[in-house]
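Trainee: Sharing the feature lines straight out of TrEMBL:
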- 3-218: domain 'Cytidylate kinase' (DOMAIN)
- Gly7, Pro8, Ala9, Ser10, Ala11, Gly12, Lys13, Ser14, Thr15: ATP binding site (BINDING)
Amino acid sequence: MQVAIDGPASAGKSTVAKIIAKRLSYIYIDTGAMYRACTVIAKNHNLDYGDEKGILEAVASDGIEFKTEGGEQLVYSAGKDISLEIRTPEISANVSQVSALPGVREEMVSLQRKMAGSTNVVMDGRDIGTTVLPNAEVKIFLVASARSRAERRLLDLKQRGIKSDQTVEEIEADIAARDYKDSHRAVSPLKKADDAVEIDTTNMTIEEVVQSILEQIQKKL
Ligand code: C5P
C-alpha cells in the first residue's frame, strides 16, 4: 500500500502522514525534509542556491540520513543532527530555489523511490502522486486557506522551539511566495494528481483529516 499526500506548504501533510503511518505501522517518508536538507548542505558549503553541480557534489559527499530516536524522526547530514536547522526561516525561504534544480530533483526522487521500496509507505510532499509514486493506491491532495496555514506554521515553529520574530502576516506572505514558486517550476511542479482526492483541512481537526484519509485507505485494502 502506497499512500501519497501532497499539497501546499503547511496544509498539515506531515502531521497527518505521521499519525497514519504510526497507526498502520507503515513507514513515513518526509520528502520536504530531504529538499530542506539539500538546502542546509548548500548553505554549509557556502554554495549559491542555484549551483546545481556544487550542491549535488556536496549532497553526495555529506549524505542525508533519517534516524528515529524516541519515536521522533531526525535528519542527519555529515554525522550532524540538522533536524532543527532544516526548519529555520532562512532554509524555508531558499528551499524552493534548490528544489527547482532538475538534477537535485532527479537525485531525491530516486532516493525516495528506493526508500519506499515495496513496503507499505506514507509519503508526503509536492509531487508524490504525480511523479514519485504515480501508481500509489491512495492519493490525497490537502489544501487549507493561506491564513490558517500561516497560523499552523507559527504554532509549529513555537512547538519545535525555533525562534522567529515574524508576524502571522509575514509568514502568510512567505508561504504564498513558496507555493507560487513550487507551483510554477518547470520540473514536477506542485499539482493535484488527476486521481487524487482533495481534502480542505481549513475547518477540520487533525483527527477528522486522519479519519478521512483512513477511509480512503480502507476502500483500497
Ligand atoms: O513540505 P515542506 O514544506 O517541508 O517542503 C519544503 C520545500 O521542499 C517545498 O516548499 C518545496 O520547494 C520542496 N519540496 C518539493 N517536492 C517535494 C517536497 C518538498 O519540491 N516532494
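Glycine is no exception: its Cβ is also placed from the backbone N, Cα and C atoms.
Keep in mind that TrEMBL annotations are predicted by a computer and have not been checked by a curator.
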Trainee: Please give me the CB contact count at 10 A for Gly7 (ATP binding site), counting all chains in the structure.
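Mentor: A 10 Å sphere around the Cβ of Gly7 (ATP binding site) contains 25 other Cβ atoms.
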Trainee: To see if you understand the setup: which same-chain residues, six or more apart in sequence, place their Cβ under 8 Å from that of Ala11 (ATP binding site)?
Mentor: Leu142, Val143, Ala144, Arg149, Thr201
Trainee: Is any of Gly7, Ala9, Ala11, Thr15 (binding-site residues) within Cβ reach of ligand 1, i.e. under 6 A, and which?
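Mentor: What lies within reach of ligand 1, judged by Cβ under 6 Å, is Ala9.
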Trainee: Given a separation of at least six residues and a C-beta threshold under 8 Å, show me what packs close to Thr15 (ATP binding site) in the same chain.
Mentor: Ile206
Trainee: Relative to the mean position of the Cβ atoms of Gly7, Pro8, Ala9, Ser10, Ala11, Gly12, Lys13, Ser14, Thr15, the recorded ATP site, which additional same-chain residues have Cβ within 8 Å?
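Mentor: Here the nearby residues are Asp124, Leu142, Ala144, Arg149, Arg152.
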Trainee: If you count the other Cβ atoms within 10 Å of each Cβ, which of the binding-site residues Ala9, Lys13 comes out on top?
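Mentor: The residue with the densest Cβ neighbourhood is Lys13.
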